[in-house]
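**Q** Have a look at this one before I ask anything.
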């Protein structure tokens, strides 16, 4: 190579390409790979033959002139374009340094042009100088890399297939916000502008999927939906064709784009839900027992409420069996009817208060961040106490701060008047107390039932006492016998007199006590906790101002809906509930730990 004689630039340009039979290296970024391609200063004797400018300087157009750029083609295309007259401004734009920027850099191809180029059939006609410049773009490779210079030949060259196009070959700068050839043809979408994604899936090249088996196709496109047009949406009709040309759908892939219109016609295919996962109550983690498909619930504790129901049903049944018939015929039918009404009110309110959701607050609403394993174990955690300002009902401007606490068991910040029951293992809204006779908490949703049960049980016990005693006394007077003989005749009614006298004081005391609490605007827990402070420091922020307003606000308020809705189907991923059913969870973790800590006998040696 070093012994080769040196030649001038003009001689090398005129003789190098015909002599060599191999293509020259492609130009990169508009800079020629050979220094001999650079034009001389005079611009008359030699010409710059680069991968971008392969025509003589007289036929090149200025970059500043508006119009379609010249096609970057091979020598064959150059021989066809030499007859075009040169521009008057071409001399002013000549320089001894070639253009460093590709002319298509500022005019990337839009997705509409790309779709039109790929779907256009290959034409065999030879382009003439009078044809539009788009015909030259369709029959020549418009990529910088593919425009290598080949040796000139008189044999006709095979026409290249229509180019896929790149972002450097579109003659007009597209609007990236609206210009896109949507596969559905009815809406304009935001184009990503990545033509390289067309080569994403090479496995599907020339595979034609039947339309009825294509799951990704939208077959229910309304034909009457007018397409949204923009000035750049007519680029595919530059040749004057009003009807769309047939497209070859082989190896086509839909461009990635995001919908810019809220009225998109694309269907959202939701993933099919899993099989029947059960109801919400099956995934509840509290110490609550459910039955009746989640309609009824009770604390998972000693069922003392069964004994309470027996204490109500058994004496009432004895009264209906022995005293009610005699009183119906000898005194008045109103006596047993009124007793039946009181029994119905008492027993129904007992059932409601015992099996109704008292107002359980959902869990895991405010989970704390987990501690870092590498953190300091002695580091103080986040605070679990706070204060909430409550506007007083007795004043338009006054307010009072009430304490709230974070429940580490339920992972929630409790609202005011909410407490955690250690028996039910639940945070209950406006918790009054846990009633062992109901085996359930008494909260906001069942407090009215509890109050009705206590009051009706008091009236029922007093009515049982009076009706049974009237039965014995009226019989003694009508028959003219002694009191002992009347008792000996009606032993069961006399036993109901004793039972009523023993049973009435307890519900009567509860009734009076809760009338006192309701009148003060406090719950049982609030009243007991207030005694920890001096009388001057005791406050009642939830009172309505007087006794009657407090009674109305508690006894006449509507019952709020349940928060957890235990009867509804369980949805996977509900953070309020557990991810595993109760029956699938280990029943006793401590028992399992004891089993692990048991003594394991040594394995006997073999052989």
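The backbone N, Cα and C atoms fix where each Cβ goes, glycine too.
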**Q** When you get a sec, could you say which of 450-470, 471-491, 534-554 is annotated transmembrane segment by Swiss-Prot?
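**A** The range carrying the transmembrane segment annotation in Swiss-Prot is 450-470.
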**Q** Transmembrane segment per Swiss-Prot sits at which of 264-284, 285-305, 306-326, 369-389?
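**A** So the range that Swiss-Prot calls transmembrane segment is 306-326.
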**Q** Using the annotation in Swiss-Prot, determine whether residue 115 and residue 425 are placed on a common side of the membrane.
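**A** Same side, per Swiss-Prot.
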**Q** Given 205-225, 226-246, 331-351, 394-414, which one carries Swiss-Prot's transmembrane segment label?
**A** 331-351
**Q** For the annotation transmembrane segment in Swiss-Prot, which listed range does it cover: 162-182, 183-203, 498-518?
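**A** Here Swiss-Prot associates transmembrane segment with the stretch 498-518.
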**Q** Take the topological domain 'Lumenal' (471-497) and average the pLDDT across it for me.
**A** 93
